[in-house]
Amino acid sequence: MASSRVILALLLAAAAVMASSAQLDEKFYSNSCPSVEAVVRKEMVRALGAAPSLAGPLLRMHFHDCFVRGCDGSVLLDSAGNSTAEKDATPNQTLRGFGFVERVKAAVEKACPGTVSCADVLALMARDAVWLSKGPFWAVPLGRRDGRVSIANETDQLPPPTANFTELTQMFAAKNLDLKDLVVLSAGHTIGTSHCFSFTDRLYNFTGLDNAHDIDPTLELQYMARLRSKCTSLQDNTTLVEMDPGSFKTFDLGYFKNVAKRRGLFHSDGELLTNGFTRAYVQRHAGGGYKDEFFADFAASMVKMGGVEVLTGSQGEIRKKCNVVN
């Protein structure tokens, strides 16, 4: 009986996701703000030209937004009073680019006051971050509204880098995302960097023994040694490491090549090799011969994720500034 209730709940959640995402439209602003994509892209070209490493964080920010309360811009809200917002929760304390999101939103507000949501601005920025990193381009369905609530404790819905395969599949399924979405969106790790503390448990404390021999046995030894040379202790809270060594500013197939060799940075990356479907996908694209196929898959999964639990119509609001409600 309990399992039946769980299945019913998942089906109802999936139906709600599909209903809300169906209300999004690539041409939503064609009359009210036809220049919105050009305005966003102009700011993105300028910013990534000066700091190309910002692409990964912006993509990650959109992902973190969508997995908590849906793609409603709640990750952008500041904490207020006694209420701690998502951005100040532990999983989000390493997010960066909030100031740049505000700059882009200000440019959009200047062009079209009170028209385009922060959630839509962030979705467009994530798309352009990928495209300007030599990744795929896709049409972004628009029409999201901004949420008014942001709760730090709800960030437990975010898949942690330590997650095993069962945890990953459950967290993705809760957002109506399947195994293909899991392996495809994980490959967003082809751009960007990570702090050592997100993975040093694999190097020094995998089973809780906290000694030099307590390593993740699924991690390739030479790669492990290289990571140890950069992250010298569990207490390293500042060092940044490339997630896709050598091409962390380029959106390519490098992620799959690394994971196939057991050189995925996070434990969650390595877990993709424990399932037949995701392992086959990794191995197929590790060969480097199907870039267009992966790009199309990534675009499709980003559109699907971008429709998770969105607010539309008269729900929510259109924030004037992304860090505070109106």
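From the backbone N, Cα and C atoms, a Cβ is placed for every residue, glycine too.
Residues annotated as active site, proton acceptor in Swiss-Prot: His64. Annotation comment: Swiss-Prot describes Pro159 as substrate binding site, evidence class sequence analysis. What Swiss-Prot lists as heme b binding site is His189. Per Swiss-Prot, the feature Ca(2+) 2 binding site maps to Thr190, Asp244, Ser247, Asp252. If you look up Swiss-Prot, you'll see Cys33-Cys112, Cys66-Cys71, Cys118-Cys322, Cys196-Cys231 marked as disulfide bond. Residues annotated as N-linked glycosylation site in Swiss-Prot: Asn82, Asn153, Asn164, Asn205, Asn237. Taken from Swiss-Prot, the feature pyrrolidone carboxylic acid applies to Gln23, supported by sequence analysis. Among the features that Swiss-Prot reports, signal peptide is placed at 1-22, with the record citing sequence analysis. As annotated by Swiss-Prot, site 'Transition state stabilizer' applies to Arg60.
With the fewest other C-beta atoms within 10 Å around its C-beta, Asn237 stands out among the recorded positions Asn205, Asn237, Ser247. The Ca(2+) 2 site is defined by Thr190, Asp244, Ser247, Asp252, and by the 8 Å test on Cβ atoms against their centroid, the other residues of the chain that qualify are Ile191, Gly246, Phe248, Thr250, Phe251, Leu253, Gly254, Tyr255. According to DSSP, Cys118 (disulfide bond) is assigned to a helical segment. Nearest in space to Cys196 (disulfide bond), taking C-alpha to C-alpha distance over the recorded positions Arg60, His64, Cys66, Asp244, Cys322, is Asp244.
Asn82 (N-linked glycosylation site) sits 26 Å from the residue listed as 'substrate binding site', taking the C-alpha atoms as the reference points.
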